[in-house]
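The block underneath contains the structure these notes are about, expressed in structure tokens.
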Amino acid sequence: MIVDLRTNEVLFSSHPDLVRPIASITKVMTAMVVLDARLPLDEILTVDISHTPEMKGIYSRVRLNSQISRKNMLLLALMSSENRAAASLAHHYPGGYDAFIRAMNAKAKALGMRNTQFVEPTGLSIHNVSTARDLTKLLIATKQYPLIGQLSTTREEMATFANPAYTLPFRNTNHLVYRDNWNIQLTKTGFTNAAGHCLMMRTLIKNRPVSLVVMDAFGKYTHFADASRLRTWLETGKAQPVPEAALSYKRQKAAQMANNSAE
């Protein structure tokens with residue numbers, strides 16, 4: 001779904017109200033709730049995932065019980081989709097983890113995201129769901145959070161941890177931020193088997209500010225290719241061919257949805 005952010009005109013949409021898992025797109029709401037609480041960004045937090053059962057068995061280079069600032073946890077969650085960072089941000093929320101999840105859902109309701117639900121802060125759960133239309137509302141709201149835009153579009157960073165002391169390199173999960181022909185103000189990617197490959201961005205197309213949401217794309221790079229095809233179409237009016245594998249995936253998903261509706 002693409003929306004002109006100056007006029008709110010829908011420039012393109014396909015199944016905008018279909019409720020689907022959103023994977024790590026979740027982390028944008030996680031960051032919003034953290035920033036709404038006005039917690040000190042330089043506070044040093046311990047990596048703690050004890051309240052997020054979805055993290056069990058999930059690999060991460062970040063060591064449990066090591067320490068890093070809240071701002072750097074936000075950076076790692078948004079730029080590199082680091083799950084332990086997102087889970088730890090919720091763990092250190094005033095009132096605790098459950099209060100954090102309630103705040104996520106309250107924020108969604110306040111933004112008019114009627115078909116959105118959150119049960120945890122990382123996106124690993126299939127029960128974190130939304131629609132392209134709701135995620136567009138989330139993107140519009142991010143204009144009030146410049147730090148989310150700044151952190152989510154950072155290309156790479158060397159993160160320094162304490163207890164024990166170690167450093168790790170991190171890179172952005174959105175390959176498009178490395179391309180000079182894209183002007184991206186905010187971005188987040190996501191992937192689980194249930195959600196497929198997801199991408200949302202605030203960007204400029206033909207010098208026009210737009211929100212762009214791609215959900216449940218096929219293949220490791222298809223969501224980026226979809227975004228590029230949509231941009232080319234808006235800029236030139238020419239539709240580029242979609243790979244047969246992606247078309248087959250869409251047909252399978254459509255048949256699956258039809259079967260689910262019939263049951």
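Using N, Cα and C of the backbone, Cβ positions are placed for all residues, glycine too.
What TrEMBL says about this one:
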{"type": "ACT_SITE", "residues": "SER24", "note": "active site, acyl-ester intermediate"}
{"type": "ACT_SITE", "residues": "LYS27", "note": "active site, proton acceptor"}
{"type": "ACT_SITE", "residues": "SER81", "note": "active site"}
{"type": "BINDING", "residues": "LYS188", "note": "substrate binding site"}
{"type": "DOMAIN", "residues": "1-218", "note": "domain 'Peptidase S11 D-alanyl-D-alanine carboxypeptidase A N-terminal'"}
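Features recorded in TrEMBL, as mapped to the structure shown.
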residue : record                               : DSSP (3 states)
SER24   : active site, acyl-ester intermediate : helix
SER81   : active site                          : coil
LYS188  : substrate binding site               : strand
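Remark: SER24 (active site, acyl-ester intermediate) has SER81, ASN83, THR122, GLY123, THR173, LYS188, THR189, GLY190, PHE191, CYS198 as non-local neighbours, by Cβ distance under 8 Å and separation of at least 6 in sequence.
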